[in-house]
Amino acid sequence: MAILNILEFPDSRLRTLAKPVAMVDDGIRQLVDDMFETMYEAPGIGLAATQVNVHKRVVVMDLSEDRSAPMVFINPEIEKLTDEMDQYQEGCLSVPGFYENVDRPQKVRVKALDRDGKPYELVAEGLLAICIQHECDHLNGKLFVDYLSNLKRDRIKKKLEKQHKLNA
């Protein structure tokens, strides 16, 4: 396993549209393992392949405190099940140090393939629904900051650009 480099906003590669996985093979399973290791090390609760500069439709998540509930979503498709919205303060490994309120549908259904390429379906509410939507947004080149006002997004962008220059 390996720790992968996480791209940070405003890196343009985060805007790349991820391509579907044609076949779940050992290479995809290795990517999944590396993504989990990277996510846990960061630490975070979700990671999309786009964030590690692999533009395939792969997401890993684990909402548990003790790394006991790893979830894999390959080629996920989301269906909104309600018009009711929840507001959560979201953060992102690609937007480090920033947390903002985002409104998202309260309940969704996701269809995906698991680590072995087997199809499954899951109805999600609460934090799980929020995380699934957040991570799947990455696969479509979208970040949680895109839900914010231009003013807030530009402020975050400038602060991160300044931080990147200091770290260079």
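Heads up, residue numbers simply count up from 1 along the chain you see.
Cβ from N, Cα, C; glycine included.
Swiss-Prot has this to say about the protein:
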BINDING   Cys92, His134, His138  Fe cation binding site
ACT_SITE  Glu135  active site
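Shown here: features listed in Swiss-Prot, placed on the structure.
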residue	record	contacts (Cβ under 8 Å, 6+ apart)
Cys92	Fe cation binding site	Phe9, Phe98, His134, Leu143, Phe144
Glu135	active site	Gly46, Leu47, Ala48, Val59, Met61, Phe73
His138	Fe cation binding site	Leu14, Ala18, Ala48, Thr50, Gln51, Val59, Ser94
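Surrounding the centroid of the Cβ atoms of Cys92, His134, His138, where the record places Fe cation, the chain contributes additional residues within 8 Å, namely Gly46, Ala48, Gln51, Glu90, Leu93, Ser94, Glu135, Asp137, Leu143, Phe144.
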